[in-house]
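A.B. asks: Mind having a look at this structure? Questions to follow.
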Amino acid sequence: METTITDVIVIGAGAVGENVVDRAIAGGLEAIVVEHELVGGECSYWACEPSKTLLRSGAALRAAQRVPGAAEAVTGGLDADAVLARRDARVGDWDDTGQIRWLDGIGATLVRGHGVLAGERRVRVTAPGGDEALLEARHAVVVATGSTPRLPDIDGLALARPWTSREATSAERVPERLAIIGGGVVGCELAAAWASLGSEVTLLTRSGILSKFEPFAGELVTAGLRSLGVDVRTDCSPDAVRRDAVDAVVLALPGGAEVVADEVLVATGRRAGSEDVGLETVGLAPGDWIDVDDTMRVRADGLGWLYAAGDVTGRALFTHQGKYQARAAGDAIAARAAGAPVDDAPWGAHVATADHAAVPRVAFTEPEAAMVGLTAAEAARRGIRTRVVDYDLGWVAGATDRADGYEGRANLVVDEDRRVVVGATFVGQDVAELLHAATIAVVGEVPIERLWHAVPAFPTISEVWLRLLEGYGRPGHEGAA
Ligand SMILES: Cc1cc2nc3c(=O)[nH]c(=O)nc-3n(C[C@H](O)[C@H](O)[C@H](O)COP(=O)(O)OP(=O)(O)OC[C@H]3O[C@@H](n4cnc5c(N)ncnc54)[C@H](O)[C@@H]3O)c2cc1C
Ligand SMILES: NC(=O)c1ccc[n+]([C@@H]2O[C@H](COP(=O)([O-])OP(=O)(O)OC[C@H]3O[C@@H](n4cnc5c(N)ncnc54)[C@H](O)[C@@H]3O)[C@@H](O)[C@H]2O)c1
């Protein structure tokens, strides 16, 4: 078998793999990317993009309904067919021609097929027709193979043909009744989306709702989902799931109650997409999250040529954070290949430091929940001496302008020893766009004293920053009324 030699090989052309290739090429290297499905990966076709499109129409409708004058002009509900058609257009009808054009444009080589490591700096690719090819990298191989849904061990579940996020983001019809297992971001976003489109949704979750956020986010989103008609049941997990004689799915709950639906979506977390990438050929355990340092280089003796980025590392399962890791990896690989210095100190040019303390995330639910950095509980777990200030967004002029009866809440978690913000959460209509200011404050470690000089425009929802700072008190004016 002939071997093709290049500088860098990336396995997986999701958003993360694409960005590794982009940075490596920008750094003067040649790169091949191997993809066995669609270039663009989960985010483009079965995750971020279709789910946000399914959610947007309902959010826009409700926003209009909350503004007298506009509300009177809303005379009907959502047109589900039009929403689904917009979703189909957004994902390019699950065709990756556009993304291939982009890869061509940056000078990357795409090899279609399933790639597995085959020992040091080598990748074996099995093409869709079964032909095999061997690739060898002069400098680095990067595993960017993402993650897959994790199915809990519930009796009968696998046989009941459950939806994963893939089916739930690509469905062609609105199910009359949808049961969802899991109250994390996937469960809550897709509950909001399908309830808005007319499904009767029941959401069962073992924990609370959005338990990785501040508790007030879970409370407000639970109320918001219920206002859409979602039957939210926390501390609840089915014992067994089956399809009945008329093909309905029946979820048996502890105590004998049942939930009957047309489809059941399992949204109980993800596992590493590392089971079938040949990790065993280099001494790593298949199926595990791949452990990397902050330049995204695998932490294991003798594997200085092997990197991983994105979901497969388990560091922060978000597209934006994976792309950030990809930039670090691609730049570090190029620097090492050129024998140039690698700036791997915290916040250096070649590291993904923000993964540890400043990951922004938005749950595009009803209402939106957005956070960056640490929750108050996480900060306490890390031993940080904090003070938490919070504020009712319904009192902010920009919010009341935006919607009558605006409901929302925000908080800042302040590190009292360093006098910097280490976490911020905003929950309410249209808060997603507020988040980046908080990310800059956390990453920039902007002293509270200086934040007083960042004046939010009136009347924007961002004025909540001023209210939060007033709640905290102006350092040096503690005695002032
Ligand atoms: C429903 C849902 C909604 C989401 N919404 C958001 C959101 O709004 N914002 C956000 O930031 N994140 C969101 N996420 C998370 C986001 O989708 C992931 O973090 C992101 O897709 C990870 O990118 P990745 O490139 O690491 O993996 P992937 O996108 O999974 O890409 C991996 C690629 O590798 C390929 N591959 C795997 N194994 C091989 C192999 N052996 N050979 C060749 N190719 C291989 C796959 O086909 C795939 O194309 C969402 C996730 C879900 C499930
Ligand atoms: N907008 C976004 O950025 C976005 C959207 C969707 C997904 N994502 C990413 O995808 C990741 C995975 O999301 P997810 O929601 O699948 O996982 P998750 O870990 O966030 O939530 C899993 C939920 O399932 C529940 N659960 C687990 N086992 C259960 C069982 N047997 N019965 C009942 N409930 C059970 C948990 O209590 C939890 O509520 C997220 O952490 C996030 O990184 C991001």
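Every residue gets a Cβ built from N, Cα and C, even glycine.
No curator has checked TrEMBL annotations; they are predicted automatically.
Sharing the features that TrEMBL gives for it:
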type	residues	note
BINDING	K52, G115, T145, G146, S147, D311	FAD binding site
BINDING	G182, G183, G184, V185, V186, G187, C188, E189, G269	NAD(+) binding site
DISULFID	C43-C48	disulfide bond
DOMAIN	7-320	domain 'FAD/NAD(P)-binding'
DOMAIN	359-465	domain 'Pyridine nucleotide-disulphide oxidoreductase dimerisation'
A.B. asks: Just how many other Cβ atoms lie inside 10 Å of the Cβ on G184 (NAD(+) binding site)?
C.D. replies: 19
A.B. asks: For G115 (FAD binding site), what is the tally of other C-beta atoms lying within 10 angstroms of its C-beta?
C.D. replies: 28
A.B. asks: Give me the Cα-Cα distance between G269 (NAD(+) binding site) and C43 (disulfide bond), rounded to a whole Å.
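C.D. replies: Pair distance, Cα basis, whole Å: 16 Å.
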A.B. asks: Can you give me the residues near the recorded NAD(+) site, meaning same chain, not G182, G183, G184, V185, V186, G187, C188, E189, G269 themselves, Cβ no more than 8 Å from the center of the site's Cβ atoms?
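C.D. replies: Here the non-site neighbours turn out to be I180, L190, T205, L210, A267.
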A.B. asks: Considering only the recorded positions C43, C48, G182, G184, V186, which residue has the minimal Cα-Cα separation from D311 (FAD binding site)?
C.D. replies: C43
A.B. asks: What binding-site residues in G182, G184, C188, G269, D311 place CB under 6 Å from ligand 1?
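C.D. replies: Checked binding-site residues vs ligand 1; flagged D311.
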A.B. asks: Check the recorded positions C43, S147, G182, V186, G269 for any whose Cβ is under 6 angstroms from an atom of ligand 2, and report them in sequence order.
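C.D. replies: Only G182, V186, G269 meet the Cβ criterion.
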